Each structure stands twice: as structure tokens, then as C-alpha cells.
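Look at TrEMBL and you will find 23-142 tagged as domain 'Bulb-type lectin'. The domain 'EGF-like' annotation in TrEMBL covers 277-313. The domain 'Apple' annotation in TrEMBL covers 332-409. Summarising the annotation, TrEMBL assigns domain 'Protein kinase' to 505-577. The signal peptide annotation in TrEMBL covers 1-22. Taken from TrEMBL, the feature transmembrane segment applies to 427-445.
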Amino acid sequence: MVSKTRFWYPFILLMFLCAGAAMDTIRPGNHLNSSTTVVSVGEMFELGFFQPTDSEHYYVGIWYKNIKEDPVVWIANRDYPVTASAFFCISDDGNLEIKQGRIIYRVTDMTLPNANVSATLLDSGNLILRDENSSILWQSFDFPSHTYLPGMKLGYDTRIQSTWSYVSWKSSNDPSPGNFTLKLDSGPEKQIMIMNGDAIYWRSYRSWGDRDNFFEFPVETRLNMYNFSFVSESDTAYLTYNIYTNDTISRFTIDATGQLRQLLWLDNEWSMLNSQPMQPCEVYAYCGANSSCSNMSSPICSCLPGFKPSSVEFWNNGDFKEGCSRKNELQCGKNDGFHLLTKVILPQKHLTQEVQSFGDCRSSCLTNCSCSGFSYTDRNCSIWTGELINLQQLPVNNSSGTDFYLKLAATDLETKKESSSNMRRTVIVSVIVTMTVFTSAFCIWQVKVKRDKRKGQDLLSFEVTMSPSHTKKEQCKGRWQVEHEKEVEIPLFSFSSVSAATDNFSFSNKLGEGGFGPVYKGKLLKGDEVAVKRLSRQSGQGWDELKNEAMLIGKLQHKNLVKLLGCCIERDEKILI
């Protein structure tokens, strides 16, 4: 018995090996149900039934194997959900189908010479149906869902009526087709677009000429990891990419909110490297036609010069989709002109022609009645006709902006000139007012300084033996200036120090009284005594008399005569010392 059992060991082992080799392939007669799957040979992807969160429905899909959350990358029946009783198989005629009782959902619908086919899940995430000669009859990469994997295409081939576009889920828990579609523009610029239904939601600012940066993500990211290839022929155009390193897992998805996300598997979690659109101004025509969008402004939308809101009510309520319309229609070359807009992202949809100079480009737009504006760079003249869509105003410190010449009617140009003139006048007036304020402040300060200086020095600490030329004399300069005569300079003392020296002009210190006022004895700190003549308010002696007396004494400085030490002119007081 033992020998018979051992005899069957090689056959049993061979059966297990064959079964293991077939884990990535479905053959006629095999099927998958809600509890069975097939796994790619390198265990990168898995194919089977899945059930979205909070949903009763089942779908046949492909997802990452051994990655957190097992994100689904492809769905066979996203518009036809089934129940847990359904199974996935190869039909008798060689097509892939999902059966649920009597109901059959055909994933493929081809006429094949025979049913000797097999379906294999590759490590790229591609499910291929091939014949006995290994010729590929069908592949899931040609019928994408919402995820753009390395090796897949984004574009179209009109020869085989094939379009490689990506449609979002309806919601995070509903994989049925949503509102947003990622596609390649079939126009000459070959830009990537996100459509919201039939309307453009976002489009790249790069054309196929900048194939390395279709998705606007950072340069260092794309150079280190991604290898993009763009194919453009008469009937076909598509963008495909690969990852430089095999151990890097990355994908692009278009989600239910219209966001194109670039995801990378790092440190056991999905990291988002980039997302488009990132800001409101990147949403196509967010501000409507003939407007400027600036993410740095509030509100972010404004009408272009010479334009006004098409619907003031909507515009004031923050609904900008109606855009702006001209205040005055163009006159088709009759005094029309241009207003320069600097540092802008140019509007969409333009025609480019080669010209010899800036003047040629300007003339080309000026003589074209449909021209709305132009841009000129290195003999390339870009002309816009009709409404201007998606113009963005960049910050002043942004170095990537372009000059755009907006075509306006002569009336609007005059208004613009008036506005500029008014602005200049406003600036001039502001400068004058500012200078006046500063000048007034300076004058007040000077007056205050002079007033403070006129308060004079301290008489108590004055040294009688000091020559007037060595004292603080400039304070009296202006007061005692005599026309056509030499200026006499004498010190100026403060009233408080004079009052202190005379004991507040006490009667005991009074030496006598003349016709113009009393004379007091003043005593200084070092014991020196001085005579203080205080001009009476009721006296007839005024400024002229006091000035003449001071001038006379000042000129008669002699050792045998009374010496003039200084004066005090403060409040209503006029005093000689």
C-alpha cells in the first residue's frame, strides 16, 4: 500500500503545480463566483467580484493585490450590477460574460472562429483574451474605467473607432459611470481635458509638444519616475507612460468630484503627488467669457477692461458663469486699439501664424474684424477670435506670465486713458498732500524747537565773568536783528531762573523803579549779584524801546560801565539783566 501511495505522489504534485500555474488564467469550463478570484503571476493584481461599501450590488473588477484598501482599477460591468449569485466565465462562443440566472451580460461581443481561448490577468493589471496561438483578441486596457495605469493609453484611434478615455465613478460607493471624463482633445493642440458632461471642466495648458508635463506635475517627479510617450498620426493620437523602476506603484484616477489625481504607493499608503484642477481658476471658464481669473484676488473674477458683467445680479451673487460682455462694440479697424495685459496665462483656442515683427502681428489683428486680441513671441503671432475664455492673471512676482494685447473700441481706450489720467492726478494730489503734511509737521517741529530754545538758559548758574561770545547767544539773534547794522548777540535766560534769582521778584530785592518798570537785585549760585530790569506791562516802553536799550548797552560793553549779561523774553515778560 505504501508503494502504491508513493506511486501517485508525482502525479498529485504535478496537479498542484498545474493548478498553481493556472491561478492567473480562466479557461472554458472555469468560472469565478463571489468567493473565488484569479491573481496575476507576480501577485500584483487580482480579478474577481467585489461589493462597494454600503452597497447590495456586485461587480467584476480588477484591484491591487496585497495593498491596503485594494483599490479597484477596472470594472467589467459598471453599468450593470449583479447579485452575489452571479459568476464570470468564458461562454461557449469564446466571449467573456457574466451570468445571473437566465440573465447574461456580455463583457465582450466578438465573432470568433472557435472557442479555444483563455483569459489571463497580467502583472500590469491588464486582462487579455487570447487564442491558442497566444494572439490577443481583446484586452481590458482598451476599455478603461476610471484608472490610468502604466502601459495604458489616453487618446483615440479613428481607424478602429476606439477611444481611450476614463470616466469617473458616480460616487465613492457607486462605480457606475459618473459625470466626469478624462480624454485627449482631438484638436490641433492635443491637450488633456476633463469633461463635465458635454462641457469642458479642465484642460491642460500644455500641448503635445510638452509631452513630459501633460498633467502639470512637478519636474523633479516626472523626471525621476515617469517615462511618457506621445504618438500622433493622421488617424490616431495617444499618450502612454511607464515607470522607470519595477518596484514603483503609481496610478492616475479621475474621481467622482472631477479631480485628476496622481497617486504613488509609499510607506504602505497612497500618497497624492498632484491633483488637477488645484485651484478655482484652473477650472475651465470658471469666470465665464471675457473675464480675468486670479486666485490671489477677492473676488477671484473680474471683467476685462472695456467689459462689464453680462448679468450684474448673478455676478454680484458670486455666480460668474455668465461672464462679461463689451461695453462698446469694436468698429472693425476704425480707431480700434489695444490694451496691454501683462503676466497672464493666455486664453484658450487661438490660431498661430509666423510673422516678421510685432507690428505685423498687431496689424493682422487690427485688420481682422473678428480678432479679440493677440500675443507675440519670437515671430509667432497668436490670434484670438470671438470670446476670450480662461484668461488668468498671475501675481506680479510670477515669471511665467505672458503679455496679451486686448482689442478695444476707441471709446474704451479713451476711458482707459481718462482713468489713467485720473489715477495720475490722484497720485499727484496724494504726493502733494503728503508733502504738505510732512512740511507742516517739520515747521511745527522747528517752531517748537525755537520756542524751547527761547526758554533760555539758567541765570542762576551763569558766570558773570564769562564773555557773551562764549555763551548761548543764538536764541536772541532773530529778536535783536537791526536793519543795516551789525547784529548784536546776547544770551537769553529763562523766566523761571530769573524769578528764582530775584526771590520771585520780592520787595526786599527791589532796588528801585524807573519810568518803564522796577529794577531788582538778583543773586546767582556763586554769589554774584546782578541787576534785573523788569519792563512793566503798563509802561509805554515797547519792543522798539527795549530793543534800543539792549542794543545800546550791548554796544557799550566797558569795564567802567554796566555790562549787559542777557535778557529774558518769555510769556508777556520783557527783562534785561
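Note that Cβ sites are derived from N, Cα and C of the backbone, with glycine treated the same way.
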Query - DSSP helix/strand/coil residue counts for the domain 'Bulb-type lectin' (23-142) - result: 3 helix, 52 strand, 65 coil
Report task. On the DSSP side of things, how many residues of the domain 'EGF-like' (277-313) fall into helix, strand and coil, could you say? Result -> 5 helix, 10 strand, 22 coil
Query raised in the report: Quick one: DSSP breakdown of the domain 'Apple' (332-409) into helix, strand and coil?
Result: 9 helix, 37 strand, 32 coil
Requested in this report: Can you check how the pLDDT averages out over the domain 'Protein kinase' (505-577)?
Outcome: 74
